[in-house]
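Engineer: When I checked TrEMBL for this same protein, it listed these features:
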type     : residues : note
TRANSMEM : 26-48    : transmembrane segment
DOMAIN   : 41-289   : domain 'G-protein coupled receptors family 1 profile'
TRANSMEM : 60-78    : transmembrane segment
TRANSMEM : 98-119   : transmembrane segment
TRANSMEM : 140-163  : transmembrane segment
TRANSMEM : 199-225  : transmembrane segment
TRANSMEM : 237-260  : transmembrane segment
TRANSMEM : 272-291  : transmembrane segment
Amino acid sequence: QDAGNHTLLSEFILSGLSSRPELQHLLFFTVCFVYSMTLIGNLLICMATAHPTLHTPMYFFLRVLSVLDISTASVVVPKMLVSALSEDRSISYLGCVTQLYCVVFLASTEWYLLAAMAYDRYVAVCRPLRYPAIMSTRACLSMVLLSCCSGQVVSVVQTAWVFTLPFCGPRSINYFFCDIPPLVLLSCADTSRYERQLISATVLVIFTPFCLILLSYTCIISSILRISSAESRHKTFSTCSSHLTVVTLYCASGTLIYLQPKSSDSQEAKKILALIYTTVIPTLNPLIYSLRNKEVKEVLVRGMAVLMKK
């Protein structure tokens, strides 16, 4: 078939998490439960961190992180749930473009935000006297805006690159949402140039922030070890370990998915990694990051007490 078929393509078919009919209802209820937990947990974090007593840069960044997590899951999961119970698993060409754009934008923005959060912890631990001046409201808003702008650039470039490829083969995507690796597999053109570009983008989006995060935490750990109070060391280590846990999960799943985009042998494994990346981690973030935080829990308990009185 020739590349002209690319212009006639009006939709793709998503295979979903599994092609086995007997698993569809189990997958539906499992994913629905996880998605509900994502919404509930992250909405609680958004409400708690909006409390006047938690108006600090750390909680501001956590609130933005929760919004990104809700958005990422909401871009992927509803379509996956509908496909699990329906024989029609098609997604329009425009819908596929939009879904890929949103996923890449949200994931890239979140990576840059995690780097900003690491810098916030570095200033809090290593430059405590200058913390209010450095991490001002304007600085925090600028970091979030810069993260969004960077994510926007990455998303526009990657989406444009993918959808200029000719899709001359079957339109069935062996995935549960429109993502780069399964779409690259559908192309009948030589994608080696694009694969090199994607590896460069992966390094830029994942490894550059990751190196900045490691540098921040090297300085933080060095400062923590000089703290004489064991209680203060434990509290600081607890905050840092939460952030590093999230970063490690993102880095591991993201790099394994995007460093080998045309590896069809590992496509099923990539499905699991993508599920972790888009669905499981957004659910874990409130538990890892905030609900174990004493200040957040106190605000939530007080809020629940007020609601029960009403």
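Keep in mind that glycine also has a Cβ here, set from the backbone N, Cα and C atoms.
All TrEMBL annotations are machine predictions without curation.
Each of the listed features needs to be described in terms of its position in the shown structure.
Structural biologist: Confidence annotation: the domain 'G-protein coupled receptors family 1 profile' (41-289) carries a mean pLDDT of 85 in the model.
Counting only same-chain residues 6+ beyond the ends of the transmembrane segment (140-163), those with a CB under 8 A from a CB of the stretch are 57, 60-61, 64, 97, 100-102, 104-110, 112-113, 116, 119-120, 180, 183-184, 194, 197-198, 201, 204-205.
Only residues 6 or more beyond the boundaries of the transmembrane segment (199-225), in the same chain, are considered here, and those with a CB under 8 A from a CB of the stretch are 107-108, 111-112, 114-115, 118-119, 121-122, 125-126, 154, 157-158, 233, 236-237, 240, 243-244, 247, 250-251, 254-255, 258-259.
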Engineer: Who are the chain neighbours of the transmembrane segment (26-48) in space, where the CB to CB distance is under 8 Å and they lie at least 6 residues beyond its ends?
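Structural biologist: Long-range Cβ neighbours of the transmembrane segment (26-48): 16-18, 54, 62-63, 66-67, 69-70, 73, 77, 80-81, 84-85, 279-280, 282-283, 285-287, 289-291, 296, 299-300, 303.
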